[in-house]
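Some features that Swiss-Prot has for this protein:
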- 301-320: compositional bias 'Basic residues' (COMPBIAS)
- SER289: phosphoserine (MOD_RES)
- THR295: phosphothreonine (MOD_RES)
- SER299: phosphoserine (MOD_RES)
- 285-320: region 'Disordered' (REGION)
- 1-34: topological domain 'Extracellular' (TOPO_DOM)
- 56-62: topological domain 'Cytoplasmic' (TOPO_DOM)
- 84-116: topological domain 'Extracellular' (TOPO_DOM)
- 138-141: topological domain 'Cytoplasmic' (TOPO_DOM)
- 163-167: topological domain 'Extracellular' (TOPO_DOM)
- 189-204: topological domain 'Cytoplasmic' (TOPO_DOM)
- 226-238: topological domain 'Extracellular' (TOPO_DOM)
- 260-320: topological domain 'Cytoplasmic' (TOPO_DOM)
- 35-55: transmembrane segment (TRANSMEM)
- 63-83: transmembrane segment (TRANSMEM)
- 117-137: transmembrane segment (TRANSMEM)
- 142-162: transmembrane segment (TRANSMEM)
- 168-188: transmembrane segment (TRANSMEM)
- 205-225: transmembrane segment (TRANSMEM)
- 239-259: transmembrane segment (TRANSMEM)
Amino acid sequence: MSTFETLIKRGGNEAIKINPPTGADFHITSRGSDWFWTCFCCYLLFGLILTFLMFRKPVNDRFFYLTGIAPNFFMCIAYFTMASNLGWIPVKAKYNHVQTSTQKEHPGYRQIFYSRFVGWFLALPWPIIQICMLAGTPFWQMAFNVCITEFFTVCWLIAACVHSTYKWGYYTIGLGAAIVVSISVMTTSYNLVKQRDNDIRLTFLVFFSIIMFLWIIAYPTCFGITDGGNVLQPDSAGIFYGIIDLILMCFIPTLLVPIANHFGADKLGYHFGPSDAEAVMAPKAPVASPRPAATPNLSKDKKKKSKKSKKSKKSKKSEE
């Protein structure tokens, strides 16, 4: 057997062998891990492209690129962890829909990737920030939307890790938080974007409509039949989650970067001042030196006094 054939046989995805899913009855296989590696490559590719393009821009024009780079790299780390079959815990399923011949208990233990929710916590606020920036949303309202988005992620993380039916309480609270953010954006931000050009308003409506559909319809459905209801196998669940994650936290943030740059920061109402580097490199204006204080001319004063004294003496002599 040639060396090349040996390397080919040794190659491949061995994440499941190196990091076995000990303690989980329902877990991903090498196919699920392969899909996670595919998602990882997508996030990494788009993140690197945006980073390369960012350094071709002036310092003050890079902020929109940062809003697209951040979610891509955060989810890149999350999917690297899941593809390596790490960042998960076994949780006993509440419903006995998925079964295997090797499980010892009914229902069995399902593999729950908490690393996915950590990725959401870091990446999900960025599409919301981008949409708010298109509308010129005030900072305090933007901060409110981000905080409620993080609240949604924490609630669903707890819901995925809870065995009892109380998981649906956290699920409902988290879904309510997503609805609150959607209402906030469609009232405050939409009222602001109506005052802008039709192109910006149309972009806002198209992209946020997609975000709302994925957040309020697709994600709840996915959670209900995967981590919540134990209907789909973890491989199928990974594909379902992966498609939604790619659209929401990879494709949308990446597409919004060139669109926002096309509109321009001034048109969107953002003006970034000169950077510290430019301020240091700029030549300093010459400082006018203060004029010296006028010194009294003592010689002139003495001459004036001598003249006055001579005149007074002459006047006295004439009087005599």
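Note: Cβ is positioned from N, Cα and C throughout, glycine not excepted.
Only pairs six or more apart in sequence are counted, and the transmembrane segment (35-55) with the transmembrane segment (239-259) gives three or more Cβ pairs under 8 Å, enough to call it a contact.
Counting Cβ pairs under 8 Å to the transmembrane segment (168-188), the stretch among 63-83, 117-137, 142-162, 205-225 with the most such contacts is 142-162.
Panel annotation: around the transmembrane segment (142-162), residues 89, 91, 112, 114, 117-118, 120-121, 124-125, 128-129, 132-133, 168-171, 173-175, 177-178, 180-181, 184-185, 223, 227-228 of the same chain, lying at least six beyond its termini, place a Cβ under 8 Å from a Cβ of the stretch. Counting residue by residue with DSSP, the topological domain 'Cytoplasmic' (138-141) contains 3 helix, 0 strand, 1 coil. Beyond the topological domain 'Cytoplasmic' (138-141), the same-chain residues lying 6 or more positions past its ends with a Cβ under 8 Å from any Cβ of the stretch are 132, 184, 188-189.
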